[in-house]
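Undergrad: Feature table excerpt (TrEMBL):
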type     : residues : note
TRANSMEM : 52-76    : transmembrane segment
TRANSMEM : 88-111   : transmembrane segment
TRANSMEM : 117-137  : transmembrane segment
TRANSMEM : 182-199  : transmembrane segment
Amino acid sequence: MLKQGTFDLKTGAGLIACPRCDALHVEEELQDGETARCIRCETVLASPRGGAFVRLIALSFTTMVLMMGAIFFPFLEISRMGFGNATSLFGVVLAFADGVLLPLVLLMLVVVAGLPVLRAFLMVYVLVPLAQGRAPYSHAARAFRWSETLRPWSMAEIFIIGTAVALVKVAGLASVHLGPAFWAFCGLILVNVASRSFMCQTTIWDAIEDSGLATDGRELVDPNAQASRT
Ligand SMILES: [Zn+2]
């Protein structure tokens, strides 16, 4: 464990690089409410907020509950001249179950519903012990890395924007009533925005490292092996 303000150029321990411009900074422990910005491009490097872990856990559970509603409640109801039909996302999957579009529908279900729920589970797995001040679970570093890798692929917002565009087209042909699942998706977008505003990856990595868990393998480097390579 390095002392505050010291760093090791061989391993990179004690240094933090700006994710946008790569400027290197000496890492310092921040107090809650402080913000560290890049000296060159002013990108936020870290901004720990008090109680952020507990809020992120709460938002992850909210995501799971809302997603259940978003999948199984009716998404929309279309009616014209007295005939109507309502369906849920799960109903759409069942309707395509024996068609050639099944792989596409399953892929849609995975990126729209599966990945956000999986990320919520990973966040709970990583953050619950940290929020309680205990040592994290043994795969916490890998779980958080996966959660960050999957972030661009969870597409609930894109789905709702696409649906809104399609609804504008359909609204001229028949009357469309939005079901509870649509509003659950809108709620998911707000939860996602809130979750991003509390999320500080640097702080979470720092908390995992401070509890003694190896995050990038540099703690495991054998100094003799390092010397023979250089
Ligand atoms: Zn920068």
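From the backbone N, Cα and C atoms, a Cβ is placed for every residue, glycine too.
These numbers come from a predicted model, not from an experiment.
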Undergrad: So, taking each listed stretch (52-76, 88-111, 117-137) in turn and counting its Cβ pairs to the transmembrane segment (182-199) that are under 8 angstroms, which one gives the highest count?
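TA: When the Cβ pairs under 8 Å are tallied, 52-76 comes out ahead.
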Undergrad: The transmembrane segment (117-137): which same-chain residues, six or more beyond its ends, come within Cβ distance under 8 Å?
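TA: Cβ under 8 Å, 6 or more out: 53-54, 56-57, 60-61, 63-64, 67, 143-144, 146-147, 150-151, 154, 204, 207-208, 211-213.
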